[in-house]
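Annotated features, as they stand in Swiss-Prot:
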type: ACT_SITE; residues: Lys10; note: active site
type: BINDING; residues: Pro95, Val96, Ala97, Gly98, Gly99, Met100, Ala101, Gly102, Gly103, Ser104, Ala105; note: ATP binding site
type: ACT_SITE; residues: Asp137; note: active site
Amino acid sequence: MSVTVRVPAKVNVQLAVGGARPDGFHDLANVFLAVGLYDEVTATPADELRITCEGPDAAQVPLDRTNLAARAAIALAARHGLAPDVHLHIAKDIPVAGGMAGGSADAAGALLACDTLWGTNASRGELLDICAELGSDVPFSLVGGAALGTGRGERLRELEVGGTFHWVFAVADGGLSTPAVYGEFDRLSEGVRVPEPVASQELLDALAKGDAVALAAAVSNDLQPAALSLFPSLSDTLEAGRAAGALAALVSGSGPTTAFLTRDADGADAVAQALLASGTCRTARVAPSPAPGATVL
């Protein structure tokens, strides 16, 4: 028997970042939107914990116990007095180290797959607790849809979305380390008073109404200057998307994937083609949002 779970990528339509906390994390007001790019995690009984991976960026995925999917299996097994003997196979379609929570998606997928395979019947609350221990974005990967994340992003309030939003994601050559981007944010903020992060009411209203034009006017990412400082060529990608008619262009999370909101599906296809023709990205992916969270297939 094996269990396969499909898990979406995410885009941050607002990422408001506070100053560094004593524990090194930052308080956030993080509005997540799950998008229709997916990884699939398959759990199969095995004699030991083993990770395999396929997909365009598979070579960049660690196959040892540092992999978040492996850590998820270990955490669930430890809570229930089990050995984490499972083969986790990741079919990877979410960009690696791209600011779209691909690793977090794999953790949420592995957690739900192992819970189903092992019959541990963890409550939603227990699964979310384990997710929060694994990383700030993992709880949202489990939940999907749209949500406001506070604290370091792990405390979620689900949000209403009144329609479908159409996105293009331009995948860069190379990755960005999330800790490095936060470190650059701290460096750029030195000597500056960083305000408390607060969710934008205009943005929440735009999501609830399904209004792409209003959402485009409200999107923001406080990590964008830091990501552009470390990866300056992303400015060219953002400009190419704007020139092609995107309603909004921003770095997705800590980058280096860039996200472009369009008016409709035809607009998304046109922006994707223009981005590819511009030579400013490795590939461009079209995806709608919102998308469901981790789902057993």
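Every residue, even glycine, has its Cβ placed from backbone N, Cα and C.
Counting only same-chain residues at least 6 apart in sequence, those with a Cβ under 8 Å from the Cβ of Gly103 (ATP binding site) are Asn67, Leu68, Val96, Gly135. Counting only same-chain residues at least 6 apart in sequence, those with a Cβ under 8 Å from the Cβ of Pro95 (ATP binding site) are Ala9, Asp57, Gly102, Phe169, Val171, Thr257. Set side by side, the binding-site residues Ala97, Ala101, Ala105 differ in how many other CB atoms lie within 10 angstroms of their CB, and the most is found at Ala105.
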